[in-house]
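*Asks:* Annotated L-glutamine binding site per TrEMBL: Gly46, Glu47, Ser48, Arg105, Ile133, Arg134, in sequence order. The active site, nucleophile annotation in TrEMBL covers Cys78. Per TrEMBL, the feature active site, charge relay system maps to His169, Glu171.
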Amino acid sequence: MNIGVLALQGAVAEHIRMLNKAGAQGTAIKRVEQLEKIDGLIIPGGESTTIGKLMREYHFIEALRAFSAKKKPIFGTCAGLILIAKEIVGQSEVHLGLMDIKVQRNAFGRQRESFEADLDIKGIDKAVRGVFIRAPLIVEVGDGVKVLSTYRDQIVAARQGHLLASSFHPELTDDHRMHAYFIEMARNSLSAVTKS
Ligand code: GLN
């Protein structure tokens, strides 16, 4: 499996390290042409406004909508979650607008800008340590969206078919199970394509 990490800004190297640890090849994606060679894409944390601006500048918006239309898996972590959402609280403009979720940026406020918590995640057997950094929350999900994890009754991970999103940073611990989960999604989507 060759999994790309969008490398315009943010936590790129850490994701590549985790992908390699989980048995896939991680590739930094800087140009739209590179999307043809990958089986899935992680959009990392960072600053969603900055990444969104660079995505527009480097023609990633249309290219990633086409990538997603082919059911190629996309995993948005933290700022990446904001970038794939169809709705952002208090903002009329969205970025990729792919996943049927409504998100609130910096949802934990100033007092709890960064913290860690053990999270139960559907599909992963033991708790995953979630690192939250000025994290967004998913405040509403559409019908086709499955909630994978909550923290204090608030949604911090969800999946809609080939789209995966987490409020936290799964690349900042030594635990690569979230990456393994995503690699499995990419493997399944690839075998679905080759069978049809
Ligand atoms: N607060 C950032 C944003 O709104 C996201 C933070 C992160 O990715 N760690 O873009």
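For all residues, glycine too, the Cβ spot is worked out from N, Cα and C.
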*Asks:* Counting Cβ atoms within 10 Å across all protein chains shown, which of the recorded positions Arg105, Arg134, His169 comes out on top?
*Replies:* His169
*Asks:* Cβ under 6 Å from an atom of ligand 1: which of these recorded positions qualify? The list is Glu47, Arg105, Ile133, Glu171.
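*Replies:* Cβ under 6 Å from ligand 1: Glu47, Arg105, Ile133.
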*Asks:* Could you find out if DSSP has Ser48 (L-glutamine binding site) as helix, strand or coil?
*Replies:* helix
*Asks:* Near the Cβ of Cys78 (active site, nucleophile), how many other Cβ atoms are there if near means within 10 Å?
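*Replies:* Looking across every protein chain shown, the total is 29.
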*Asks:* I need the neighbours of the L-glutamine site defined by Gly46, Glu47, Ser48, Arg105, Ile133, Arg134. Which other residues of that chain put their C-beta within 8 angstroms of the C-beta centroid, in sequence order?
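*Replies:* Neighbours within 8 Å of the Cβ centroid, excluding Gly46, Glu47, Ser48, Arg105, Ile133, Arg134: Gly45, Cys78, Ala79, Ile82, Asn106, Ala135, Pro136.
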*Asks:* Just to confirm: which same-chain residues, 6+ apart in sequence, have a Cβ under 8 Å from the Cβ of Glu171 (active site, charge relay system)?
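*Replies:* In sequence order, the residues whose Cβ lies under 8 Å from that of Glu171 (active site, charge relay system) (at least 6 apart) are Ala11, Glu14, His15, Arg17, Met18, Pro44, Thr77, His179.
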*Asks:* Using a 10 Å cut-off on Cβ-Cβ distances across all protein chains shown, tell me which of the binding-site residues (Glu47, Ser48) has the largest neighbour count.
*Replies:* Ser48
*Asks:* Rounded to the nearest angstrom, how far is the Cα of Cys78 (active site, nucleophile) from the Cα of Arg134 (L-glutamine binding site)?
*Replies:* 8
*Asks:* State the count of C-beta atoms found within 10 angstroms of the C-beta of Ile133 (L-glutamine binding site), not counting that atom itself.
*Replies:* 17
*Asks:* According to DSSP, which kind of secondary structure is Ile133 (L-glutamine binding site) found in, if we only use helix, strand and coil?
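*Replies:* Strand, per DSSP.
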*Asks:* Taking only the residues the record lists as binding L-glutamine, namely Gly46, Glu47, Ser48, Arg105, Ile133, Arg134, what is the largest Cα to Cα distance between any two of them, in Å to the nearest whole number?
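*Replies:* It comes out at 13 Å between the most distant Cα atoms.
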*Asks:* Which residues in the same chain, at least 6 apart in sequence, have a Cβ under 8 Å from the Cβ of Gly46 (L-glutamine binding site)?
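*Replies:* Counting only residues 6 or more apart in sequence, the Cβ neighbours of Gly46 (L-glutamine binding site) under 8 Å are Gln9, Gly10, Ala11, Cys78, Ala79.
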*Asks:* Tell me the Cα distance separating His169 (active site, charge relay system) from Glu47 (L-glutamine binding site), rounded to the nearest angstrom.
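*Replies:* Taking the Cα atoms only, Glu47 (L-glutamine binding site) lies 13 Å from His169 (active site, charge relay system).
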*Asks:* Measuring Cα to Cα, how many angstrom lie between Arg105 (L-glutamine binding site) and His169 (active site, charge relay system)?
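*Replies:* The separation of the Cα atoms works out to 15 Å.
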